Each structure stands twice: as C-alpha cells, then as structure tokens.
Amino acid sequence: MIFRNNSKVYVLDGGFSSQISRHVGVTADGDPLWSARFLRSNPDDVIKTHLDFIRAGADIISTNTYQASVDGFVKHLGLTENQSVDLIKQAVGFAKRAKDIYKDECEKESVQPRDIYIAGSVGPYGAYLHDGSEYSGSYAKNTSKESMEKWHRPRIEALIDAGVDILALETMPCGKEAEMLASMIKNYAQIPAWITFSCKDDRSLVDGEDFQTVAQRCWEINPEQLIGIGVNCCSPKVVGNLFKDISKGIEPPLSLVTYPNSGEKYTEEGWGERDCDSLDTYVHDWLDLNVKFVGGCCRTYAEDIAQIRKKKVFGISMRKKQTDNKVKMLLQENNNLKEENLKLSLKISRLKREIGKIKDDKFSDYLCLMRERDARYTLYFENVALHLKLRELDGTSRCYSVDDSYGDPVILKIALEKCREQLSAAQNNLKRMKEEYSETIPRREHDLLDAKCYELTKEVNTLKTEYDIVQNSYKRVLAQKKSLEEELREVKERCSELERSGTPRPCWELCGDFISGGRDRWWQLANGLSSRDMLRVLLKELGPAAESEHLEYFDGLGTDPAIPPYLRHEGRVRNLRLSRREVRVLVNDIWISRATHRDLPLQDYVTRYFEERYQQPSVRAEWSYNMCAGLEQMMDEPSVKLFWGALLGQLSEDVYWRLRDAWHTLRDRLYTHNGGQETLSIEELEKVTRTTFPLKNEVDIKNLMEVVKKQLKLKINVVEVNLDKLFFENEEGFDRSELARELYRQRQLAQDKYIREVIAELGRRNLNKTISVDCLKRAFAIVDPAIDHIRMERYIRWAFSDQSSELSAICPLPLRTIVSRLASGDIERIGPRHKGFRRSYK
C-alpha cells in the first residue's frame, strides 16, 4: 500500500465549502445538503474549487460528498435512488477532471506534475439529520449500528466504484459510528482509508468519550486497511495535546491525520476573530508528532494550503540542516574529548612512573634503617655477653652495678624497645591461643562425647526413617480422606436429589386418628395392603367428603368484592393437579411478564395475566384456583413463599426485584471482569463478589463460594468456575439455583439484623409504644447514616401503610405494628454504621 511505511508527508486540501463560495458567490450554511447541492447546481465551480487546492500544493483532494447521501438526495433534490448514486459518482468524476486539467497545465509549462490522489469524503450520519446532532454525537444513543451501516453502505460503494484512491471517514463525533465504519470497510479491503474525529477539547470527542482510547480501539479493529487516525474540524490549538503519546506501546507508531479549522471562533453573529495563530505556524510541531497527512477544514482557503505546503517543505529541509549541524557539533565535541582523554592518560602514566620511583627510593631508605637497627641490636647483645663473661672472670657477678654495666643510655634505650616488642608479641600470641583454644575439650571427655554423638546420630537416622514411613502413610491416608469426603459429598447430593424427586412414604399411623375405631381398627383394615389399597380404604372410611368427585373439583368462592379478582368465580372448578414444576414455571412466567407492567397491583396484574391468555372464564378460573392450590402446598420453597406473600399483600414484591437485581448485577460484573470469557478462577469470583456486595462480611462471602462449588459440583482441586453453568436460568426461574437461594437467605438475615437495630433505637422493650414518623426517621438515620431521603421516605410509607399523605400528617402507630410491617417489606441497609455519627432528618 503506497501510503503505508512511507516517510512522505502529504498535504490535503482545505475547506471545500469556504473555497467554493468564492466561485458561487453564496455559502452553503443552513442548507440540509450543504455544499453537496453544488454538485447538481454548479458542477463547473466544483471542478474549479478542486483545481484551486491542487494549484496551491495539495497532494490529496477530497470529493464534495461530505453531506451527500442517497436518502438526502432523494429527500431534498427529488432524485431516485439510482440517480442519487450516479450523482455521488459524478462528484468523483469532477475531482478527476480537475486532476487532468492540472496535468495538462504542467505539460504546457514543461513542469513535472505531482502525484494527485482523490479521497472520497464520508461524513457522519448526524450530518444527514441536519439537527445539530453531528456536533454532539447524541444521535448515536438512539440509532443502531445496523441503521447507520445501511445508510453508509450505498454511498461508500458508489465512491469506490467511481475510483477514489482513499476513503476519508471524517468528522466522527462518537466512537460507536467510527468503530462500525472501521469494521464495515473490511468488506472493501482493496481501498485504504483514514478515520478522523471531531473533538471538543484537547482530550475528548464531542460526545465526551476519550479520543485516544477510541482512536486506538478503531486502529485495533482494522490495522491493515487504515493508513491514519486523526482529527478534523477542531481548533488547531488542541491538536498537539490530542496526539501526544497516542502511539505509546504501538509499533510502528500510528500515522496521524489532521486538518483543523482556521482557528476562528463561531458565534451567533457568525465567524469572528481568530483565537489562535494560522495553521501554517503549527506544521513544524505536528510533523514532530508523526503527522503524515495535514490540511485544513472550515474557513481555510487555497492560500492557507499554499502556506502549509511551504511550511512542510521548509520545515523538513530546516530540520535536516539542523540535524546535520547538530551531528557535526557532536562529532567535533567527541574528537575534542578523545584528545583530552589521551592527554590525561599520558599524564596519569607519567605520574604513576614518578610514584613508583619515589616508592623505590623510600624502600631503599627503609632497608638501610632496618639494617642499621639490626646491627645495633647485634652490638648490644654482644656487649651484654662480654660484660657477663667479664663478671664471671672477675668473680664480681653478685656485686655487679647496673650503672657500670649499662651505663650507655643508647644501649639501654635499644634494649628497652626490644623488650617491649617481645612482650607485645608474647601477649598477642597468648591472646590468640586463648581465643583458639578457649572451647577446646580435653581428650578423654572429647572421646566420650564423640561416642555419645555417634549413638545419637544413629538413633536420629532411625527415627528419621520411621518418620518418612509415617509421613508417607499420612499422605496416603489424607488422600484417601479427601477421596472419601468427595465421594461422601456426591452421595449426599445424590441423596438430596433422590429426596426431592422421590415420593415420600406417608405416615400411615396417623390415619387411625381420623377414622372410627382408632388405630387398632385401622391396622386391621390396612394389614397386608399396598399403599394404593390403603389409600382406597382410607377414602372409603372418610365418607362422602373424600369421594372422587370432591377431589376432582374445587368450589368457586363467588364474586364478592372481598375475594381477590383472579378468584372470583361461581360454580365448580376442575382440579388440574398441577405438578410442582408446572407451578414454578407459571410463577416464573408471571414474574417475567410483570417486569414491564409494575405499575399495576400484583393481584390486578395476575387477573390481567390470565385474561390475556385464556378467553373462557372457566379456563381462567381453573388455572387461578389450581395455581393457588399448588402454591399453598409448596410453601416449603422460599421462592413460592415470596410470591404467595406478595400476592396476598403480606410481603413487598420489591424483595423479589431486589434479589433479581443483585443476581443480574453479579452476573454482569463477572462477565465484564472476565472480558466475556466463559470461565474464571474461584479467587477472581470471590474478588468480584466482594466488590459487588461490599456490606457482606467474610463469612457470607465464604458461604457464597461454598454454594457455588456445591451448585457446580466442583472437585476439591478444581479452581475454574463456568459462568454459563453458574448463571443458567431455566423456565422455572433463576431463583431455583443454589446461588440465588443463598443470596435470598443472606438478604433476609441482613434485613432482620437491620430491623433489630432500628427497633433497638426505638426501644424494643415496649412493643405497645406509639412511634411517630420523626422517631422512625431518627432511628433510620442513626442505624444507617448513608440512607438517602427518597429511600427513607419509601421505608416510612411502607411501615405506616400510607403511600399518599404528607409525612407530617401520618398518625403514629404502635411499635408492634411497625415491626411487623418492616419485616414484610423491602428494607435493606445502604451503608455501614459509623460509631459516633448522628444525622438529623426533619
């Protein structure tokens, strides 16, 4: 690809709408097609505008199709779709015509023409809307990628078919549309492209996203086809900061594109004075940032492009000259340093020779002095020996006078120094021997200790061997223990499954309490019978109330207004004998469909639910009565008990929605943390769970991890968790999983603890004490300082069963009533309780 791996800098054209206004005489401001309207009304002026930029020095010219689209031409010019596509292709033909005219002019003047490339201008979807959303990117929130891709595809294909050299995907206000285009153009791999964004400051796109993050993401999507990433239609002052460090960690660095506005400020009165220097003053700095494509946008003309052309050429030559001068200066400085180093080395060598000579001279003097000292010692000892021999010959050894024998002070001084040296050496030798032999043991004791050490070493080796054997046995037993524990857990789980799925044996002894004759007669009747025959005997003894007809039908409750609306029916209702699974599936389907109709009371919604699904009143009554009968028989299941309590108005159904939100929040955060992967480690699962539920203590977190292992039946040494299996939801609902049940159990325990703290602040000893709204407010503020006004008002209205009156007008209620209402509501702690913190609510 000609534009990749190339050090050349390409000059782009300027603001097309600004330059063409000089030929047309009017501006395109306010037109829904902007300058694209001139493709049909002023084709010659379009060609002249292209030619102006080529003559000014542009290497790449953009087609006049920024705001051209099939839908726009159909809507505002009244063209057909085929005519609209042909008009977009004609825009490429106008650019080619200008290119041919330029080549003819160069041939006439015997000048080598430059290579001119044509870029197909592709503006954002928001420009077509003509509602100003292209300057904020707000349209991306309400427009899908599929809709934008469907809108872009016809004009991009028209530009490519017409023969553009480059696709200029420009002025993108948001990352969503840019990423869609980066991915979409992979279908046209033969054409290179660049993407430029519209930024509101030196960090962010106009929709608030971080520019560098979005730019790098687009580059990663299609690095083979994109020849540049950059900005346009912004102030030139912010370009430097936008491009700074954008290629950090990317090799080779990104090729950058920039063609900002002139720097003039736009106000309600129109374009005003510049708030920065002209574009050409920034070119040198941009080239240092690896900008390969530079030009202008709004309010820039052919003269500005000519200045950029001059600055680009002059900037490159000046930098080369500055670099050459710097290299020469560094080489000269290097040579000077080498000469200085050589001089210092010679000086060091000379000084070393002088030092060696001085040392030799001093050593010679030292040897002379040592010889003289030794000679004096020799003479001294010879003199002493002669004096001793003389005393022996004269017989005067006992009356020898020290002054007579040692009268020479020099000899005495020498003798004293010699004695001191010998004494010092003897003392040092004695000290050394004491240090060396201070811990020396006598030979006999050493032999005894040596023999004892040998016996102990032998015994230690024996014990070590035995220890190794015991250690190996312990490891084998430990492995067997783990295996047995795992097997035991599997057996327990199997037993639990069998217990849930198996049919329990009834306690037949209790039947004797309900028939005449008591248990003795019952055993006489039931002796030797199967369970089915015993059931028939029991039904026969119970009489007409147990006849099959009564088991096959329910009696309708009538149409009294006091009866719930979904149970209002007269006459008999057939008993469908719904299984536990069918009841759970029905309850889950009601919850799912209710998510979009939470404005209705639950009883009214259940009535509406059955009315929408069953047209006949008798069929609706069958499902309603059978659902209620099944719920009453399944009160041992927490999820069923919660639905039944909410249906009867005894519990707040918000408890279910909070549980559902907690479940989905944990699932979404785990998938986000794992980058959409299917598995992650148990440690990462525990970390994300602790972050998701910051108020849970360590015991609760560990219990959740144990439940996860139990639900997925993980082995002891397995640390990977499959998220798809963990958060699998069947038609019976998410709350059938072990994890959801544990979350519900922990939530109920936390709610009970929270309510007990609130009751303690209200005075739990006197349950008949009347509590006002202000008292309950104060209690909530003390126990939960992080609670907000909205949540506190919701809690108070639930506790006082008043959803419409002013809080100040609500009458006090006994503490006993308050406690029962709080226990049945959706009451949850918001933040930790801080000691010594008080907050006042009035």
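Backbone N, Cα and C atoms are what each Cβ position is placed from, and that goes for glycine too.
No curator has checked TrEMBL annotations; they are predicted automatically.
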Of the ranges 12-46, 467-501, the one TrEMBL annotates as coiled coil is 467-501
Across the coiled coil (320-354), average pLDDT on the 0 to 100 scale: 84
Going along the chain, which residues at least six beyond the ends of the coiled coil (467-501) come within the CB cut-off of under 8 Å? 710, 713, 715-716
Specify all same-chain residues, apart from the site residues CYS233, CYS297, CYS298, whose Cβ lies within 8 angstroms of the center of the Cβ atoms of the Zn(2+) site, ordered by sequence. GLY15, THR171, ASN232, CYS234, TYR259, PRO260, ASN261, GLY296, ARG299, THR300
